[in-house]
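Among the features that Swiss-Prot reports, region 'Disordered' is placed at 64-84. Annotation source Swiss-Prot lists Zn(2+) binding site at His115, His119, His125.
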Amino acid sequence: MIDITNESGSPSNEEGLVGLATFALDRLRIHPSSELSIILVDEETMEAYHEKFMGLPGPTDVLSFPMDEMRAPGDDEDPPSGLLGDIVLCPTVTARQAAENGRTPDGEAEYLLIHGLLHLLGHDHAEPGEKRVMFRLNDEIIAAWDDHREQTGQR
């Protein structure tokens, strides 16, 4: 189950984010009964979370708060089910950095949603090798999502 809450006061493509999260969880072979929360917040709230949980000043674009320790299964394993956790996005920060990254605001939000989801599944980018794996997987999921929308006329 995917729950999305917009506390940001900014318009957002919530339906699109839920669709992408559903698609990504299926692609990553996470059981469809797993629970994920997506929370959209304003800059002030994101800044408070960033400082409280990361010890860093200023707002950021995305934070992930894992619940159950889950990983994508191997080919011969059953999909895991449980509480994935929360992904917190800040639409105003996302919109500002979208142009820097050559994306639309919706495209940036989608990219960051997958980034946050991968963190919930144990991926990280502290080391160069981890970063390559995580960012490659992020790009692959977004490309597959774009293809899916193209094929189903959702673009």
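Cβ coordinates come from backbone N, Cα and C, glycine included.
The C-beta environment of His125 (Zn(2+) binding site), restricted to residues of the same chain at least 6 apart in sequence and closer than 8 Å, consists of Lys131, Met134, Phe135. What surrounds the Zn(2+) site, by Cβ distance within 8 Å of the Cβ centroid and not counting His115, His119, His125, is the set Val62, Ser64, Gly116, Leu118, His123, Asp124, Met134, Asn138 from the same chain. Sequence-distant neighbours of His115 (Zn(2+) binding site): residues of the same chain at least 6 apart with a C-beta under 8 Å from its C-beta are Val62, Met134, Asn138.
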